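J.: Here it is, the structure in full.
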Amino acid sequence: MKRVALLFLVVICGMGGLGQKLKPKKRSNGEEINFRTKTKDVCTMRISGDEEMKARIECKGQGKSYWCEYTGMPLLCHPFQNNPKMYWNQITMELRKLPHACESTQMLKASMCQKAPVDALMKQVAAGVEPEDGANRDKSSQKTSASVRGAGKSSVKKTGKPAVLPRIKPTQHGQGSENETEAMKLAREHCWESLHEFCSYIIGFFRG
């Protein structure tokens, strides 16, 4: 009788241990992971959802703020079910290698789920850029207005002095030009066409 009772206890303990093994580990729903990109952008990835999960990434750095969202069903990947934390750590390691956490990739892939179906991949579904804060906008507008004023002053300085055009001396009709005209007339009347200039020169020379 004692042996039967002991055997019964062993079976119950074994079933309890089996139940603990079959019980899935705690999921990463609601977890936040902080990381930096290759260009030192400070980013936060927030994970939510149950079967279909969503990962929202928000980053700030180098005067810009941007965000993007990914959705997928990583539960279809069996290694994810056993260790979801390692899955997200692998994805974060890949994001750290990128200069831009949202523009550089359309899918989030973990090496532990390379053989998983396509639906298990986290695909980008939305992305955007946040506007600059008020201080940065004011500074940029002040710089723009200052540059416009500077350009206006420089244009006024350049166009302030009127351009001075050179004076054109009037053509003087002297005695020499009249002699040349008469000499050419005589040359045309008394010389061959090919000798007009020569005859005009000789006639002008003798007419003085």
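Cβ atoms are placed via backbone N, Cα and C, with glycine included.
So Swiss-Prot lists the following for this protein:
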type	residues	note
SIGNAL	1-19	signal peptide
DISULFID	Cys43-Cys59	disulfide bond
DISULFID	Cys68-Cys102	disulfide bond
DISULFID	Cys77-Cys113	disulfide bond
REGION	130-181	region 'Disordered'
DISULFID	Cys191-Cys199	disulfide bond
J.: Between the disulfide-bonded residues Cys59, Cys102, Cys113, which lies closest to Cys191 (disulfide bond), Cα to Cα?
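T.: Nearest listed residue in space: Cys102.
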J.: Which secondary structure state does DSSP assign to Cys113 (disulfide bond), in the simple three-class scheme?
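T.: SS state of Cys113 (disulfide bond) = helix.
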J.: So of all those disulfide-bonded residues, Cys59, Cys77, Cys113, which one's Cα sits nearest to Cys68 (disulfide bond)?
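T.: Nearest listed residue in space: Cys59.
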J.: Fewest other Cβ atoms within 10 Å: which of the disulfide-bonded residues Cys59, Cys68, Cys77, Cys113, Cys199 wins that one? Let me know.
T.: Cys199
J.: For the disulfide-bonded residues Cys43, Cys191, work out the Cβ neighbour count at 10 Å and name the residue with the minimum.
T.: Cys191
J.: Report, in whole Å, the straight Cα-to-Cα distance of Cys102 (disulfide bond) from Cys43 (disulfide bond).
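T.: Roughly 10 Å, rounded to the nearest whole number.
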J.: In sequence order, what residues of the same chain, 6+ apart, have a Cβ less than 8 Å from the Cβ of Cys102 (disulfide bond)?
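T.: Spatial neighbours, sequence-distant, of Cys102 (disulfide bond): Ile57, Cys59, Tyr66, Trp67, Cys68, Gln124, Ala127.
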J.: Whole-number answer please: how many Å between the C-alpha atoms of Cys77 (disulfide bond) and Cys199 (disulfide bond)?
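T.: If we compare the Cα positions of Cys77 (disulfide bond) and Cys199 (disulfide bond), the gap is 110 Å.
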